[in-house]
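What TrEMBL says about this one:
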type: TRANSMEM; residues: 26-47; note: transmembrane segment
type: TRANSMEM; residues: 53-72; note: transmembrane segment
type: TRANSMEM; residues: 93-117; note: transmembrane segment
type: TRANSMEM; residues: 129-146; note: transmembrane segment
type: TRANSMEM; residues: 229-250; note: transmembrane segment
type: TRANSMEM; residues: 271-295; note: transmembrane segment
type: TRANSMEM; residues: 311-333; note: transmembrane segment
type: TRANSMEM; residues: 354-379; note: transmembrane segment
type: TRANSMEM; residues: 506-528; note: transmembrane segment
type: TRANSMEM; residues: 540-561; note: transmembrane segment
Amino acid sequence: MEKGGGCPSVGGSYPQKNAEILSSQYGINLFLAGLLLTFAWAVHAVGISKSHLLSYLITLMLIQLLWMLWYLCRSCTQRRLIRDKDTHAGARWLKCGITLFAVITLILDSFKIGYYIDFSNCLSPTEGIFPVTHAVHTILQVYFLWCHAKDIIQSFKTLERFGVIHSVFTNLLLWTNGVLTESKHQLNEHKERLITLGFGNITIVLDDHAPQCNCTTTTLCSIFSQGIYYLYPFNIEYHILASTMLYVLWKNIGRKVEHHQQHKTPFKFHGITVGMIFGLVVLTSTIAIVVVYLIQIGRSKIKSELALTMFYLHAIFVLALMCTAGIVALLIYRLEDRSLDNSKNPARKLDAELLVGTAAGSWLLSWGSILAIICAQAHPKYTWYNLPYSVLVIIEKYIQNLFIIESIHREQEKVNDDIKTLRIVTISRGSTLSLTPSYKEIYNGRDAPDSGEVPCLFKGSICRRENGGGGGAKGETSQDKSSVMHSASDFSFYSRNSVTNNKRRILKNIAAFLFLCNLSLWIPPAFGCRPEYDNGLEEIVFGFEPWIIVVNLAMPFSIFYRMHSAASLFEVNCKT
C-alpha cells in the first residue's frame, strides 16, 4: 500500500517540474523582450518610440489584471475550503510597507495624468493610458498580495505558474522602466554639474525627452515634471517588493508544507531605546546632509567640493559605526550555542540571495572608485575621502550580510514556562517567609494572592506554609538546608537567564540601529545624492560613457540593497 501510494506522487512531480521550467522560460523571454525594447528607446533606436514601450507594458499589465481577477473570483467560490498557508511569506510589516509605497505610486500616477493633460497636444495617447492602467494595476495587485501572498496553490497549478511568473516579470519590467526614467533624469543633472567641478573636457550632450510643445499651465507643468522624479524612488521600491512577494508565491505552488506551530513575533519598542536613539540621530543628520548636498552641488567648484567632502566624512562615520555594531552582534552569536533552522523556506532563501546579489552592485562601484584613486594621475583633495568610504562600504555590507543571514536562520528561542512564573523566596531562620513577586506578574498586574499558601518555585522545589505541621527543630533545620540548596540552584538559573536577556537586548538594539542606518543610507542615492556621479575622478580614468553605464547598472541594486536590508533587519528585531 505504501509503495503503491507513493508512485503517483513521484510520477506526478515530473509534469509539475516541467511546468515550472516552462513558466520560468516564458517569464525570462517576456522580460528580455521588454528589456530590449526599453534599451532601444533609451538609445533612440530608429523606429522605436516611447509609445511602443508603453504599449507593451500596458498589454502586460492588462493580462496580469485578467489573471488576478480570475484568481480572486475562483478564491471567492472556494473560500470555505481549508488551504495551506506559508506562514513565513507575506509578513504583515511587509504588506504595510508595500502599501505605503503603493500609495505614493498612486500619487505619481496622478502627477503623470496631470502632466499628460497639460501636454496633451504633443504627447502620444499611450502616455495618458499608461498611468491610468498602472493605477488600477497597483490597487488590485496590493489587494491581491494582502489576501493571497501566503497561499500555497494546489489546484490549476500549471495555469497558475504561468500567471504568477507573468506577474513577477511584469513588475520587474515596470521596475526597469522606472529605474531607466529616473536614471536619465539624474544623468542630465550630473552632466550639468561636471562643468562646475572643472571637467570641461567631457562632452555634455543632454538626453532630452521633453515634449516639443508648450504647456497649457506653466506652474502646474513645473510642479508635475519636478514632483514625478522625487516620487520615482518609492515607485521603484514598490515594484521590486511586489516582484519578490510574487516570486515566493510562485515557488510555493504545489509545495508540501509541514504543519507546525508558528510563533508570532510582534515588533516592540520596549528594550531598544538606545538603538532607536542612535539610529534616529543618524537618520536626522543624513537628511540634513542630503539637503545641503543637493543645494550646494553644482553651484560652484568650491561649493561642490565642500559638499562632496561633507558627504564622505558623514558616510565614513556612519559606516564605521555600522561595522562596529555588526562585529559586536557576530561576537555575541559566537558566544551562544543555538542550532540553525535548515528547513525549506523559499522566502528566507530569497532574502539571503537578494542580500548577497544586490550587494554586488555597490561592491562594483566601490572597487571602481578604489581603482580610479590608485590609477589617477591628479587627485583633488576631496577624492582622497572616497578611498576609506569605498573600503568601508565593502566591509560593512560583508559584515551586515553575515549578521542578517545568520539571524534569519537561527531557531527562535523558546520561553520556558518556569521563567515566566519565577519568584524569589527569601527564607529566614524562623518561620516567617518574605515573598517578592516576579517582574512579569507585577507588570501584568497579577500579584500574589492573599492566601496562607506560598506559591512554589519551579514546580514545587520549595513549598512551605507559614503554619506548617510539627516536626521538631531538627526537621525544620533539615528543611531549611534543603530549601537553601534549592534556592541557590534557582538563583544560578535566574542569573544565566539574566545574561541571556542582556544579550538579546543588545542584539535587538543593534538590529534597530542598523535598521535606521540602512534607511538613512537609502535616502541619498534614492533622491539624487550620488557622489559616484559627481566625483568626476572615475570618468577621467574609465571614460565618461563606460563609467556612466557601470553606475546606471549598479546603482539600482545598491539602492534596493539598503531597503531590503532594512526590511530584513526589521524581521530580525522582531525575531530576536
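Placement of Cβ uses the backbone N, Cα and C atoms for every residue, glycine included.
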Establish whether the number of Cβ pairs under 8 Å between the transmembrane segment (506-528) and the transmembrane segment (93-117) reaches at least three, counting only pairs separated by 6 or more residues.
no
Run the contact check on the transmembrane segment (93-117) against the transmembrane segment (229-250): 3 or more C-beta pairs under 8 Å, excluding pairs closer than 6 in sequence.
yes
Rank 26-47, 53-72, 129-146, 271-295, 354-379 by Cβ pairs under 8 Å to the transmembrane segment (311-333) and hand me the top one.
271-295
Remote residues contacting the transmembrane segment (271-295) - C-beta distance under 8 A, at least 6 residues beyond either end:
307, 310-311, 314, 318, 321, 505, 508-517, 519-521, 523-524, 527-529, 573
